[in-house]
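Copied over from TrEMBL:
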type: DOMAIN; residues: 255-387; note: domain 'GGDEF'
type: TRANSMEM; residues: 6-30; note: transmembrane segment
type: TRANSMEM; residues: 42-61; note: transmembrane segment
type: TRANSMEM; residues: 67-89; note: transmembrane segment
type: TRANSMEM; residues: 96-118; note: transmembrane segment
type: TRANSMEM; residues: 152-173; note: transmembrane segment
type: TRANSMEM; residues: 193-220; note: transmembrane segment
Amino acid sequence: MLSVSAQTLVAATVLVLLIACLLWLVFAFGLKLQPRASKGMAAANVLLASALLLSGLRGGLERPWLTVYAADLTGTAAFALLSLVPAWLEEGRPPWRWPLALCLLALLLMPGFVMGWPMRWHGTVLYCIQAPLLGLASWQAYRLVRSRTRPAFALALSFPLGALTLLLAARAVEPLLWPGNTPDLRSGSGFNVAWLWAGLVLGMVVNSVVAFLVLAQLVLRIRKLTLYDPLTEVLNRRAIGQAMEQAHARWRRGEPYALVLLDMDHFKALNDTLGHGAGDQALKALVGALKPCVRDDDALGRWGGEEFLILLCDTGLAGAALVAERMRANLEAQPLLWGPEQRRLTASFGIAEVLPEDSSPEAVLMRADQGLYQAKRQGRNLVQSRE
Ligand SMILES: Nc1nc2c(ncn2[C@@H]2O[C@H](COP(=O)(O)OP(=O)(O)OP(=O)(O)O)[C@@H](O)[C@H]2O)c(=O)[nH]1
């Protein structure tokens, strides 16, 4: 039977895992926060707790099928679920083939140990199956965070899962290097207390990392909603307004800037003839034509309706004219395809640079607006600055 300290550790770990499961259920059903990933985490916690409880019952029951084999399988299934969670967080398709293959491998191989294979290979085989599953979870978590932020942050977030993967891999090698450390699981003669501590830490680390990922996703989503235009995914009016204020503050310290204000030509006619769906598609196509012309430190935003504003850092009027002309030509070269219809898209551009008398960015914007007005009056599909 288990020693008292081992029993306490098993009970504490199971309690931690069940509390975590409860919290994930609240996330899934109460807060409706990443429901698929949260349900996956709740199930993974229940499976991990079951694996631990079954392991704790070894020797107490005379049927190793019900303890050793069942514990191996529930543990492996828990790690398989964990490897799917990052993809669910991303609302993408999880990489289910590898987890499924490894679960099947456990299903086929682990009975051998109940039937009499040498137990010193048990840990090696089990952890050779479980470590890649946790490694997959770690890699998926890295990719998820990396797609939204810097590599260093992604590395820091996925590091705990990576470290646990290495720990499991080390557990696979341990029985080969120190066979004396391996208790006979079928007799239940002993329990590796260090392993129990590792189980407790593993449960807490995995839950904390995934909870952090869920919250990070939530924060990024809120940030996106407050800063970006949902249709075109460029900065919204408020965010581009803030970027202008910051550029104006930098200009007071000596860094010039210029604005390009543009408005799609005859957009109402396009909406009226092809419908709003085509209008929306045209706005996306417009953004697609503008993006290659802006640098990383420039800012592109939707000023309203079919009007867009580009803030060009460290740029004067000549530079702005060059960029705007490139944008104009780019847009004109990519007609909108809408079913059988094909429409030439054009826009008119007004440009302005910041001048010493400008007390605020609104003054610069007003000149860009006057340039745009002139471009419209002179026949559209033109770049103009106020004369
Ligand atoms: N599809 C779509 N239409 C929009 C959106 N925002 C504004 N509009 C439409 O854009 C049209 C703007 O029309 P106008 O201001 O007359 O401009 P225009 O037809 O491009 O005329 P000019 O600028 O003089 O060439 C209106 O019909 C708005 O309903 C949007 O997000 N999607």
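In case you wondered, yes, glycine gets a Cβ from its N, Cα and C as well.
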Which bits of the chain, at least 6 residues beyond where the transmembrane segment (193-220) starts or stops, bring a Cβ under 8 A of a Cβ in it? 3, 5-6, 9-10, 12-13, 16-17, 20, 23, 27, 33-34, 37-38, 41, 44-45, 48, 52, 82, 85-86, 89, 137, 141, 144-145, 148, 157-158, 160-161, 164, 167, 171
Under 8 Å between C-beta atoms and at least six residues away from its ends: which parts of the chain pack against the transmembrane segment (67-89)? 34, 36-37, 40-41, 43-45, 47-48, 50-52, 54-55, 57-58, 60-61, 95-96, 98-100, 102-103, 106-107, 110-111, 113-114, 122, 126, 129-130, 133-134, 136-137, 140-141, 143-144, 185-186, 188, 206, 210, 213-214, 217
For the transmembrane segment (42-61) against the transmembrane segment (6-30), do we get 3 or more Cβ-Cβ pairs below 8 Å once near-sequence pairs (under 6 apart) are dropped? yes
What are the helix, strand and coil residue counts for the domain 'GGDEF' (255-387) according to DSSP? 59 helix, 37 strand, 37 coil
Averaging the pLDDT values of the domain 'GGDEF' (255-387) gives 96
So which residues does the transmembrane segment (152-173) touch in its own chain, when a touch means Cβ under 8 Å and the partner is 6 or more beyond its ends? 123-124, 126-128, 130-131, 134-135, 137-139, 141-146, 195, 198, 202, 205-206, 208-209, 212-213, 216
